[in-house]
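Heads up: the structure comes next, in structure tokens.
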Amino acid sequence: MHTRKKIVPYTLLATSLALQVWLPGQMVFATGTLAGEGTEAAPFVINSRADLEQVGNDLQAWYKLGDNIDLSGSNWVPIGTYGNPFNGHFDGNHHKITGLTIKTAGQGGSDGFGLFGTLGNNGKLENFLLENVDVEVTNGQNVGGLVGINQGEVSNSQIAGSVKGAGFVGGLVGLLVGGQVSDGASQATVDGGDGIGGLVGSVINHTNQPSYVKNSHSSGTITGQMFVGGLLGKTFTTREGTEITNSYSTASVTGSTMVGGLLGANAAGTISQSFASGTVAGNFYVGGLLGTNEGNSDVSDSFATGEVKGVTDAHVHGGLVGKNSASINTSFAEVTMQPVPVSDVGGLIGLSEGAGVVYSSYFNKEIAQNNAQGQSEKLGTPVSAVDLRKKDTFEDWDFDTVWAMRKNNLPDLRFNFENFVPTVKNSTITGAQNTVYHFTAGDFTDQFTDGDGDALEAVRITSLPAKGTLKLDGSAVTQQQVIPSGDLATLTYTPADNDTSDSTFTWNGTDGFAYAASDATVTIKLTALNVAPIANNANISTKQNTPVNGTLTATDEDGDELTYSIVTNGTKGSAALNGTTKEFIYTPNQGQTGTDTFTFKANDGKADSNVATVTVTINVGSKAPVAVNGSYTTKQNAAVNGVLTATDEDGDVLTYAIVTNGTKGSGALNGTTKEFTYTPNPGASGTDAFTFKANDGTTDSNIATVTIQIQSAVQPPAYYPVQSVTVNKSSLAFQVGDAPHRLKAEIYPSYATNQQVSWKSSDPAVATVDETGLVTPRAAGEANITVTTNDGGKSATSRVTVEAAQKEIDHLSVSERNLWMQPNETRNIRVYAVYQDGSREDITKNDETTYRSSLKSKVDVAEGKVTTNSGTGVATLTVIFQEKRLRIPVTISKTKVEKLTFEKTDIALEPEESVELKVNALLFDGSKKDVSELATWSTEDDDIITLDENGKVTAIASGTATIQAVYGGVTAELAVEVTGEKQVKRLKVNKQTVTLAAKEEQQLRVTAYMTDGSKRDVTADSIWTSSDEQVATVKDGVITAIAPGETSIRGRYQDRLITVKVTVTE
């Protein structure tokens, strides 16, 4: 067992600052030697050292550098004191200040040392570039290259050189007191005693104003005793804490106690998305990122990858944090540990005490020596070097907005992650007509190039083919659908039926970090399918010893030109083709009779047909056929079909011919076959006859007679009434959007004289029917389609049921897309499923809705109820519903949103004009924050304006629209006036002519095509008139038939007119 040195908090200066009261001396304003007026519009321009020395005469004015300045050669007297700080605004204007020199003992006191001694609450320094700085305050505190004590705002400034002092020494800022540093950088050598940092020495907050360090970094060599950090020495606080975000240090850090690659000691800070990668050496409480993490502090989304060294009698070393008694989330460490005999060494944490909490944080167990002290679950999760380079290892990490990770590499923060934007190129694939094309991953990976060597992670389909269908695992692909690369093998393209024309779609690819700057086009070329020809069997006959000519037959669906060939020849004779044509001659062998066969096939240039058989009958010497008389009976004006009769002793195939025709009618053969049709002359009756003969191929038969008896017909009645009517389908079922279906009316008797009917729908809003019985579904519901005969008013009904089309979810939305909450606060949010038809459904408490929190120690969520715990920080809520995901950032701050205000409150637009709204959150601490891109925007007047998620408004039509912005649980409303209308280029109506029966209705639809290329339905907005309301009336585009006649229906919108001709029948 060993003993540890007792650590005494370094609070002397904090107490001193809190107790002192300073009274500013009398101001002496700058003389007229400076160009400018000292205002925001006309700041004083500083061009020389002499000009710069005059700044102390007016510490409230506006200044900017007009040129580079060399301060070398003599000691500089800092601008502003703690009792009389600089509260003006100074823009370095990106000019250089070189050779700043301060050499002094700096005995005690609360003043600061630097180019500026003290920056007041209202002071602001920006765009400074200091080089060759040489500051050495032997016994003084609050020492920085740019400013000693910062109570205001320092931004976009950097320093290079050497800064030394006794305590609270930083490369850029010595002591931060409720102030801010953003986009700062230090490449300085920093040396001192306690509270030493590469960028900022230390932070002391004794006001209600927190301190911030954002988007900043440091390098160089940092040396001190206690509270030594690569970026910042220590965070002290008596009230509000410190926030450090998007910052890092690569500095080499050496100290004794509480030494860290980023911070030496974090007593009151929230650190997020930050890292350290330098070498850290010290005795006690040493960490790759932090020496200690305690109090109400929080570390999240951060890492360390440098080297941690122990010196003589070293204790409590950690890859990320030496000693932890606060919160660490979603962080990791992979550092080289080189301790001399040392205790309490951990890959993530050396010593865990008290309320220390670690969640989803990892370290490389193969590098670090792990004899850490504390409960194992509070020391981080040890994993192998391989697993530390796998994304699946990191539970609840946000790889969409915070982290980035390349294959086989450690995670990196997105603000620091370097990535080449990939490119995609056009390609062409070849498919076949009516054949599904199966894509491979190579169809896309071969067209994907990435400068980092990253593989294609996913494909986004940016436009769909105009013809044919893309499907993923059997389901239709939607525009903008993202397909993981592992699923590309299930992507298919189904061509339109019988289509052989080219089709295209576009896509983009991502390496997991960025999509290509432009899309690529895939051209699909389809080749026509070849259908093999079909050869047909045939029969021929010939006489003994007599050759016979013939024609082979085959069909080809593609219409290709065919060639023919003999496959096997006969045994009683042989067939020979005329070249490769279908013409052949069969020659029987001498004396052969009976049946013989030969086979053949056809070819279309690509494929052979089946093999077909030609059967040859070789007859013995021929005898003439015998024709036989026949008789038939028919009715007046009615044709009769019949069959001629003849016999042939040789069994030859016979052909037939009419010899003489009748006088009261005529017979006609079906070609040369025995089938005939006799047609009597109109009104003829009595007996008639025609003659015919048969032929066996060589000899005619005798002439035979066919007698026809034509019977007189009874005259039919002049009129047959309708007795009833039925519909071919008693019911129809549709979904909204289905194709129309035509009903058929069946009148009994079928020979009824008046076959006219009319159709009507009981509810045209559900289903309409036209004059031909074509039923079109319109909306969900039920309607009766009735057909009525004009003769007798007989009717029949078909029941139509229309169901709503199944809706597909497009995305999820939430009542507040960014949550700003206080600790221990509960707020209810509403989550909606937004469907592709624009409708939405509240799914907040749906059984299928799942909620997750990335940091349950800070915030939890269930059924839309969000609850924060004590402490501040950031977290991400994830909502999952039917495979759709929605992420909701949560910021937990002690500062509450008091109200929201719009920058512009009087907004009037004309159609097609746009404006980007700005909304500010007024916080209870008096500060103001632009939340335009964080607030949740909404409007219910989407027929007047469109509104995007960042507050951009585009006017559509005249009217007053109300806009809501929600942030931090507070809602603000704004009215937008739209005057005037888009100009119409032309109108189009769905029907040019309409025929109705009395009391029937017909809905017209009018579409306006605007000059900007858009279109919209203006049926309800048009002015409607009828030229004869005794025939038909019109209201809101619905025509109602009154009485037989004709009228013209007119609809007017703006200065455009449509006309529909309407005929009303009995």
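Cβ atoms are placed via backbone N, Cα and C, with glycine included.
Marked as signal peptide by TrEMBL: 1-30.
Per TrEMBL, domain 'BIG2' is recorded for 721-799 (among others).
As annotated by TrEMBL, domain 'BIG2' applies to 808-891 (among others). For the domain 'BIG2' (808-891), the number of residues in each DSSP class (helix H, G, I; strand E, B; coil) is 0 helix, 49 strand, 35 coil.
Across all of the domain 'BIG2' (896-977), the predicted model scores a mean pLDDT of 86. Positions annotated as domain 'BIG2' by TrEMBL: 896-977 (among others).
Per TrEMBL, the feature domain 'BIG2' maps to 983-1063 (among others).
With DSSP states grouped into helix (H, G, I), strand (E, B) and coil, the domain 'BIG2' (896-977) comes out at 0 helix, 48 strand, 34 coil. Counting residue by residue with DSSP, the domain 'BIG2' (983-1063) contains 0 helix, 51 strand, 30 coil.
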